[in-house]
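Swiss-Prot lists 245-254 with the feature compositional bias 'Polar residues'. Look at Swiss-Prot and you will find 72-190, 113-117 tagged as disulfide bond. The N-linked glycosylation site feature in Swiss-Prot is assigned to 150, 345. The region 'Disordered' annotation in Swiss-Prot covers 241-310.
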């Protein structure tokens, strides 16, 4: 029991400081908790979820977005349940605390499973059409807006979509290392849905891998040179009564729906009640009225550990050094986890995580 408790604290601490996952989703009065790679594998029995599991992947990015991992994350297995939602409804995604340095766009897709989504063994065989995206608008990254809105983002399910079983694919793309090949960091999650309604639209889609290219201007990009515009990867979102097309500037603006106070409070208590160190970012139930963005020096490496931090140039901000350190911790956590659960001793990793905050 002590091992599980220690590990749980380590996992949540890493959530609060580097990278992230979607923990919950909601629509109206309905709320669903998704699969958690740091918790669910160690529960007996392992709970059935509407979200696809990715045990062993941790909360870090997909290592190579040109592989099938880009669809639903590494080691992805279909959720055994499906959530029901009406076409035209809002759907809110609740992320763990997102690092301010991980600036980039948010993207959401739908794919018809052509049957029970829990029976889909290879999600790369499905066709995905985009229903929402947002990137850089008036100098503000959408990732900053997500942070300000208690680490949540709301999209609308198109009202004219034909009813059926759909996979919702939602992701954040972090661009802090995107100036180098394969440096863009994708954080995808897949969720099973049964969409109800009377629509008949069946938009054409794209496939993953393949929809994103290594040299796409929104993927291989230096965000530290004062860019004024940004081309979001993938196709343009489907418009009710219309059809998706190629993504090009100017990007359509996203109208975000505010998260209710009750749900915000629930998410806030989940992320703040287990914060271990004072340096870790904390969630807030009162988002700031204005958002400011800062131009920060580009991290010079994403492969670092606490013992080598003293050799890193001092031109980096302290929070960037902490992020680099925690990147390495996340990789160690993922490597230490057995794919199918089981006891693990994380004491050494916990010590290294504590050292990250002593920089």
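Cβ coordinates are placed from backbone N, Cα and C, and glycine is handled just like the others.
Projection of Swiss-Prot feature records onto the structure.
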residue	record	DSSP class
72	disulfide bond	helix
113	disulfide bond	coil
150	N-linked glycosylation site	coil
190	disulfide bond	strand
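By the criterion of other Cβ atoms within 10 Å of the residue's own Cβ, the least surrounded of the disulfide-bonded residues 113, 117, 190 is 113.
The recorded positions under consideration are 72, 150. Their Cβ neighbour counts within 10 Å are lowest for 150.
Put simply, 190 is the one of the disulfide-bonded residues 72, 113, 117, 190 whose Cα lies nearest to the Cα of residue 150 (N-linked glycosylation site).
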